Amino acid sequence: MSEPQRQHPVAAITKALDVIRGNLITILILLFLGGGDEDVFLLYWIVGLIVFLFIWGGISWYRFTYQVSEGELRIEQGVLIRKKLYLTSDRIQVIDISAGVVQRLFGLVAVEIKTAGSSSKAAKISALTREEADRLKDMLRRAGDESREAGADEHADQPREIYSLGQRELLIAATTSGRMGVALSVVGAAFSQIDQLVSDEQLYRFIENNIPRSTSATLVVLSIITILAVSWGLSFLSTLIAYYDFEVEIREKELLISRGLLERTQLTIPFNRIQAVQVKEELMRQPFGYASLVIESAGYGEDKGNSTTLFPLIKRNALYTFLKDVLPEYNVAIEGENRQPPSRALRRYLLRMTWWTLPVILILWSILPYGIYAWGLLIPALLLGYQQYRDAGIRSEDHTVILSARLLSKTTAIIKKYRTQAAELKENPFQSRLELKDFTVYVASGNQGRSFAVRDLDRADAAIYWEWMRQEPSGPSSDEELENGKDGAAAMPVPED
């Protein structure tokens, strides 16, 4: 591929749609806030803007070229300002392939190329045929390692084993999804704008015709039930769409994770970039013995470089078999004799949940009929605080630290000592009186890092693990870590007194 190439013309559409999607909230706010004689002007303005964006997308497509030459990927783009991006093949770590709704309609895919390190540059080619994407991926990999023997690359590229999520498990994952909190905020914001679409008189008339003899308390209960039902429905659909046809391919040096109904995403996670594994047990899944697996990887991840779902739903009794096949280094028991917070720390867990719940109770008490019953929320809040206290703990095993904590869901983090970036001890004046400390471990993940903490440990227990973390980590050599894009051993800050 010595001559500059252009993307498929569909890239013009995807470029325009990306801009529209990025400003969708602004457009919706303008539509909701618009009123009176300004509606027609606002509509013309929005239509004109959309037409302009599609024209801009066409020019952007024409000005975008790519080629592989002299062992590097060269991309030139820009409508007003010309930008040139050259990525040498030997520094390319990950080549991800995805297909959004528009790409799938035309049988196309998008290719994203990333180099090592969290501050790495990334290049994205938005519309290629699958054959062209595979050819580009193959060329970049061959150019990145010219010393590889003929045929070895082909063998290494074949999956050793494939794990997939069955339809039954997908339905269970969607039904018990923890995304309801996000959906609840979206639905709540939408309900707050209902007066822009329906007048008070129309709303009261609808209630009188369909809910006879309704009282204020009935309307409040029905509103809450409606919001919860719609939120659960959105959570169900979003999980179903996100994890449809979920597959994990185990290859020689990397994991290939594919998923998605509307937008088909294929993520490549090199083994040497995985920093930690999380076992998440949602409130609705834990009673049935289900959990999900999440990995933290340095410089790579879903969306904005965050955590990546390794498997969305798995039985607890199948967890160790899965990790043994996929990530044997992290196949350690998540249940054991943890160092837990002492009994004197229980009051802090209960008080934290009380302080979080009191503002909600006071607001409901002041604005709702029968708001006095909102004080009943203290009971589940205190029960959750007690469960947080019971689930908190830390222990070490085979150069691995295992930290457990709960907010709503229980999270158990499995971290190799040589993968830690830093460890931290914190103690505020209230903890000092009770001789308690917070213990936090940091790992590289995405572009900003990730932390795992156990709160209110006994001061002596926290000091034991602090000293253990300060010992020389056992793992890959510094040379190997630097070659893989990691800075080496963990940095340990001085503990706070």
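Glycine residues also receive a Cβ, built from the backbone N, Cα and C atoms like all the rest.
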Would you please say which range out of 12-35, 372-395 has the annotation transmembrane segment in TrEMBL? 12-35
Tally the residues of the domain 'YdbS-like PH' (61-138) by DSSP class, grouping H, G and I as helix, E and B as strand, and everything else as coil. 20 helix, 41 strand, 17 coil
Mind checking which residues of the chain, 6+ beyond the ends of the transmembrane segment (349-366), have their Cβ under 8 Å from one of its Cβ atoms? 341, 372, 374-375, 377-378, 381-382, 384-386, 388-389, 392, 455-456
